[in-house]
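**Student:** Input: one structure, supplied below.
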Amino acid sequence: MPSLLVLTFSPCVLLGWALLAGGTGGGGVGGGGGGAGIGGGRQEREALPPQKIEVLVLLPQDDSYLFSLTRVRPAIEYALRSVEGNGTGRRLLPPGTRFQVAYEDSDCGNRALFSLVDRVAAARGAKPDLILGPVCEYAAAPVARLASHWDLPMLSAGALAAGFQHKDSEYSHLTRVAPAYAKMGEMMLALFRHHHWSRAALVYSDDKLERNCYFTLEGVHEVFQEEGLHTSIYSFDETKDLDLEDIVRNIQASERVVIMCASSDTIRSIMLVAHRHGMTSGDYAFFNIELFNSSSYGDGSWKRGDKHDFEAKQAYSSLQTVTLLRTVKPEFEKFSMEVKSSVEKQGLNMEDYVNMFVEGFHDAILLYVLALHEVLRAGYSKKDGGKIIQQTWNRTFEGIAGQVSIDANGDRYGDFSVIAMTDVEAGTQEVIGDYFGKEGRFEMRPNVKYPWGPLKLRIDENRIVEHTNSSPCKSSGGLEESAVTGIVVGALLGAGLLMAFYFFRKKYRITIERRTQQEESNLGKHRELREDSIRSHFSVA
């Protein structure tokens with residue numbers, strides 16, 4: 001994939017800020033973590049004094065983000081009420097433990113770093129005990145480096161790009177409580193192995209700003225590349241005028257299995273044009289990635305109430321949507337209603353009150369409490385960030401929407417579902433398969449009516465498919481009779497011309513050879529006459 005992400009910020013700048021706040025904090029300096037608090041001996045929970053945990057939440061105030069403070073804050077406060085009340089915290093933490101939370105605007109750039117450093121500098125070393133966020137890649141990178149340097153645990157439902165998986169040095173104190181983009185790549189790999197596919201076209205929107213779709217398909221590209229699968233890539237900027245015909249032509253010229261990432265309206269427009277080009281009758285398999293469990297990205301919905309609905313319903317029979325697997329339980333319903341109520345009180349009306357980020361930051365609080373409990377029991381303190389972050393890795397716990405599993409590298413396993421149209425007449429869609437990240441297993445659901453029939457979708461990846469324009473009401477599969485006749489006649493004419501050229505060339509070569517032999521014979525006779533003439537002259541002399 002072109003220009004893979006390199007998250008770089010000046011180390012001199014980071015070191016300067018670190019020195020500004022260094023020395024007086026209780027956590028010690030260095031990425032190793034835990035060294036400063038080891039000598040205190042082991043204490044039991046009952047003997048520990050109440051803890052005041054200072055949490056710094058770094059998220060953007062701009063509500064256009066799915067992870068804005070307005071959206072996520074109710075989920076964090078819901079989790080805090082749970083752990084401070086009669087829930088997890090009362091059982092795990094010393095009596096009287098309280099969380100003091102500060103919310104700062106991270107924007108989606110350097111402001112997150114400046115907020116953290118300004119807060120520390122103002123109190124000369126009063127570092128927070130926990131950092132939640134940021135989400136945006138370019139905001140999270142310097143904060144994660146600083147957290148590592150200051151021995152602070154950092155939990156985020158973002159920082160999902162492939163670069164953050166390298167935890168051996170600068171990102172050693174980061175735990176990602178939402179599935180990273182590479183986990184989507186692992187899911188797509190399992191799906192391809194199930195269907196015995198080896199080639200894919202990656203088609204995505206890239207505005208060069210947040211680049212969510214770019215980072216998503218970067219994860220898919222990296223996993224496929226490691227496993228030897230072939231990918232072709234085509235990107236566009238959907239914030240500008242789109243040439244949908246050009247997008248579809250590039251798909252036709254590349255692969256039969258297409259993985260797309262864009263807004264729901266753009267996905268619908270691409271599918272409509274593909275349908276008009278006869279590409280939705282089984283020659284192609286289209287997949288759309290629904291990012292973050294948000295309908296802002298293509299969620300598989302074809303209906304808009306416009307004149308194209310009937311055509312879109314037909315087109316979407318060839319589209320499958322990949323989304324996060326969700327286990328609905330009573331507690332989740334209560335959580336969703338409380339988040340919705342809190343958000344609406346702040347004057348924000350939207351469709352997606354609860355998405356991956358809202359769930360993730362709620363679960364981050366629960367995970368931190370579990371890890372802190374184990375660290376305190378072992379005789380360490382809340383300032384031993386390295387110890388705390390290690391306790392968040394390689395474990396499974398119950399989150400708000402189901403089980404959450406973090407791998408040995410501090411990244412959440414991704415569980416995903418595949419949605420497809422199972423009733424073309426009604427346009428009904430349902431889950432047809434699930435991927436379980438911890439086991440690396442993809443399973444088709446039993447007793448589901450698959451649109452293509454068998455459990456495996458057969459796509460001829462090597463066949464070149466000819467396409468003709470067709471109206472929505474006509475069958476768009478195969479070639480018309482006149483086209484077949486034209487191909488046959490053209491092939492016969494071509495063969496006839498080749499044979500005529502062959503015989504002409506053969507006759508011409510024979511003629512040339514005969515003429516050459518005759519000339520050589522005449523030349524020999526002429527030479528003999530000249531020699532006889534010369535001898536006669538010498539004899540006369």
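Any Cβ shown, glycine's included, is placed from N, Cα and C.
The structure displayed is predicted, hence computed values, not measured ones.
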**Student:** Hey, which of N394, N469 does Swiss-Prot call N-linked glycosylation site?
**Tutor:** N394
**Student:** The chloride site in Swiss-Prot lists V135, C136. Which one of S106, S115, S148 belongs there according to the record?
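**Tutor:** It is S106, as the record lists it for that site.
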**Student:** C213 pairs with which of C108, C261 in a disulfide, per Swiss-Prot?
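**Tutor:** Of the candidates C108, C261, the one Swiss-Prot pairs with C213 is C261.
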**Student:** By CA-CA distance, flag whichever of C108, V135, C213 among the recorded positions is nearest to N394 (N-linked glycosylation site).
**Tutor:** V135
**Student:** Rank the recorded positions C108, V135, C261 by the number of other Cβ atoms within 10 Å of each Cβ, and give the residue at the low end.
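**Tutor:** Each of the recorded positions C108, V135, C261 was scored by Cβ atoms within 10 Å; lowest is C108.
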**Student:** I want the residues beyond S106, V135, C136 whose C-beta is within 8 angstroms of the mean position of the chloride site's C-beta atoms, in chain order.
**Tutor:** L58, L59, P60, Y65, F67, D107, C108, A112, G133, P134, A139, A140, G158
**Student:** Mind telling me which of the recorded positions C136, C213 has the densest Cβ neighbourhood, counting other Cβ atoms within 10 Å?
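**Tutor:** Comparing the recorded positions C136, C213, the most crowded Cβ belongs to C136.
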**Student:** On the 0 to 100 scale, where does the mean pLDDT of the topological domain 'Cytoplasmic' (505-541) fall?
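**Tutor:** Mean model confidence (pLDDT) across the topological domain 'Cytoplasmic' (505-541) is 50.
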**Student:** I'd like the number of other C-beta atoms within 10 A of the C-beta of S106 (chloride binding site), please.
**Tutor:** 30
**Student:** Would you kindly give the Cα-Cα distance separating C108 (disulfide bond) and V135 (chloride binding site), rounded to the nearest Å?
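**Tutor:** Here the two Cα atoms are 8 Å apart.
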